[in-house]
Amino acid sequence: PVPPDGGWGWMVVFGAFVSIGFAYAFPKGLAIFFKEIQDFFGTSYSDVAWISSIMLATTYGAGPISSILVNRYGSRPVVMFGGLLCGVGMISAAFCTSILQLYICVGFITGFGLALNLQPSVIIIGRYFLKRRPIANGLAMAGSPVMLCTLAPLNQFLFDNFGWRGSFLILGAILLNCCVAGALFRPIGAATASVKPQVTEEGKDALKEKITEGAMEMSSPANVPTENKTEEGGGKDCCEKINQYLDFSLFKHRGFLIYLIGNVLMFLGFFAPIVFLAPYAKHTGIDEYSAAFLLSILAIVDMVARPATGIIANSKWVRPRIQYFFSFSIAFNGTCHLLCPLASSYTGLVVYSSFYGLAFGMVCAMLFETLMDLVGAAQFTSAVGLVTIAECCTILLGPPIGGTLIDTFGDYKYMFIKCGAVMVLAGTFLFIMNYYNYRMLAKEKKERKTKEEDPKSVRTENEGRNNWSKDTTQVGPELEPLREEESRVKKETNGT
């Protein structure tokens, strides 16, 4: 169906706003509890950082499973089931007695539930919007900073009043709201699917005659071998069945491969700074509420940056070359991390959080829009699944590597420098390779246009067809014995 670009689509955007908000903001909001969980279990920074890493890696790594389920059942039931898993995972985590159990309940179960919220929300926006798609994506992705702005002080308040176990119970109940958001994802073809074509009596009679003739032909002895071949060819192996839901031909797509490599490199330093921002503030002697407020500042700026980025990306000057804008956003994000060690006071951290929120919002607002711009809406579902499974490795390793640097040097600045250098490198790579991709696309388009307008090429093709027909006619006498043998076999078959 044609995307309506409005109507119920704005309710879908609101549902995606809630689902995407929880999927992105929840792993970051848990950083409030890390210092206390570390003291409770007597573990290191690196061990506690694995909680968010496993959750984020599961959220991205389960992307293909989420895409397959969406193609099979639709977005609505998948998101509702994911919300149920999120609630069960966090409620179970409230009763954990070891860090390993937290890895399973918070990392794997809740992370898998968030995966079933993220991909369907992004996919269904592409089905409801076309012209206004960058704006719709920007508004939906704004759910992440809104949720983070709310969760950061809420988590601190819950911890002060109920402890981390009681907080996990309440957060599990809050995550069940994802089921409500999923209920808004009405299938776009539901209104047209109930309309059935009217069939006249004459049409029914003609249809019955065709079915009868087809049955008689299938029952004849001459058609038995064909039927056996069809049955043999109908058995599909496992790879073919998977390829129905995940289009592996995307790995031959030049733009998709450039996007994949750049994003895999980017995510090595994308989430670690936001995970360690509040612990870094506490490490410098800032109180808990002021440290949590840094995340709120980041989220408030991010909240404004995402819709604004969507509006800018939808303009006629930026949208034809949106890949350049995306590359600049990644490099700008990395530059903020490289300058973070210069912020030695609370005022400096506020400035860093503001610029980081701007850069973070710019990247997130265009993260999926640029992918859809490259592969199109038809292959977008498969592309999201394949990209997320490739990104999960670097997402999993990013925060623990940062935690290891902190444990080794006893200082946070090396973690920020590592993340900044990686993201500047990723942005530079994407800018250069997208320039190459745009040049190649223009060259290929020009060659196709020249070939279509050149009458000589058309004449050459027609001459080739005529020569082939002449050659076939000339070799006719050589094939005469075969023709006679074929006619004799036909006569014998008719006689039998």
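Along the chain as shown, residues are numbered 1 onward.
The backbone N, Cα and C atoms fix where each Cβ goes, and this holds for glycine too.
Among the features that TrEMBL reports, transmembrane segment is placed at 6-27 (among others). Remote same-chain residues near the transmembrane segment (6-27) are listed as 52, 55-56, 59, 79, 83, 86, 110-111, 114-115, 117-118, 120-122, 124-125, 128-129, 132, 136, 139-148, 151, 171, 175, 177-178, 180-186, 271, 275, 299, 364 (criterion: CB distance under 8 Å, separation of at least six residues from the stretch ends).
What TrEMBL records for 9-438 is domain 'Major facilitator superfamily (MFS) profile'.
Away from its own ends, the transmembrane segment (48-69) comes close to residues 23, 26-28, 30-31, 34, 37-38, 78, 99, 102-103, 106-108, 110-112, 114-116, 118-120, 123, 242, 245-246, 271, 275-276, 381-382, 384-389, 391-393, 395-400, 402-403 of its chain (Cβ-Cβ under 8 Å, at least six residues beyond either end). The transmembrane segment annotation in TrEMBL covers 48-69 (among others).
Only residues 6 or more beyond the boundaries of the transmembrane segment (81-114), in the same chain, are considered here, and those with a CB under 8 A from a CB of the stretch are 19, 22-23, 26-27, 30, 37, 41, 43, 47-48, 50-51, 53-59, 62, 120, 165-166, 168-169, 171-173, 175-182. Annotation source TrEMBL lists transmembrane segment at 81-114 (among others).
Sequence-distant contacts of the transmembrane segment (135-154) (same chain, six or more residues past either end, CB-CB distance under 8 Å): 9, 13, 16-26, 28-29, 32, 121-122, 125, 128-129, 278, 289, 292-293, 295-296, 298-303, 305-311, 313-314, 357, 361, 364-365, 367-369. Residues or ranges marked as transmembrane segment by TrEMBL: 135-154 (among others).
The transmembrane segment annotation in TrEMBL covers 166-185 (among others).
Feature annotation from TrEMBL assigns transmembrane segment to 256-277 (among others).
Marked as transmembrane segment by TrEMBL: 289-312 (among others). Beyond the transmembrane segment (289-312), the same-chain residues lying 6 or more positions past its ends with a Cβ under 8 Å from any Cβ of the stretch are 25, 28-29, 31-32, 134-139, 141-142, 144-149, 152-153, 155-156, 274, 277-279, 281-282, 318, 325, 329, 346, 349-350, 353-354, 356-358, 360-362, 364-366, 369.
Positions annotated as transmembrane segment by TrEMBL: 324-344 (among others). Counting residues 6+ beyond its ends, the transmembrane segment (324-344) has Cβ neighbours under 8 Å at 262, 266, 269-270, 273, 284, 309, 312-313, 318, 351-352, 355-356, 359-360, 362-363, 366, 370, 412-413, 416-417, 419-428, 430-431, 434-435 in the same chain.
When Cβ-Cβ distances below 8 Å are used as the criterion, the transmembrane segment (350-368) is approached by residues 24, 122, 134, 137-138, 141-142, 144-145, 263, 266, 270, 273-274, 277, 294-295, 297-307, 309-310, 313, 322, 325-326, 329-330, 332-333, 335-337, 339-340, 343, 384 of the same chain, each at least six residues removed from its ends. Taken from TrEMBL, the feature transmembrane segment covers 350-368 (among others).
Residues annotated as transmembrane segment in TrEMBL: 380-402 (among others).
Below 8 angstroms of C-beta separation, residues 258-259, 261-263, 265-266, 268-270, 272-273, 276, 323-324, 326-341, 398, 401-403, 405-406 of the same chain, each at least six residues beyond the ends of the transmembrane segment (414-436), sit close to that stretch. Positions annotated as transmembrane segment by TrEMBL: 414-436 (among others).
Annotation source TrEMBL lists region 'Disordered' at 446-496.
Look at TrEMBL and you will find 446-464 (among others) tagged as compositional bias 'Basic and acidic residues'.
Annotation source TrEMBL lists compositional bias 'Polar residues' at 465-475.
What TrEMBL lists as compositional bias 'Basic and acidic residues' is 480-496 (among others).
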For the transmembrane segment (166-185), the distant same-chain contacts (Cβ-Cβ under 8 Å, at least six residues beyond its ends) come to 11-12, 14-19, 22, 26, 33, 74-80, 82-84, 86-91, 93-94, 106, 110, 113, 117, 120-121, 124, 155, 158-159
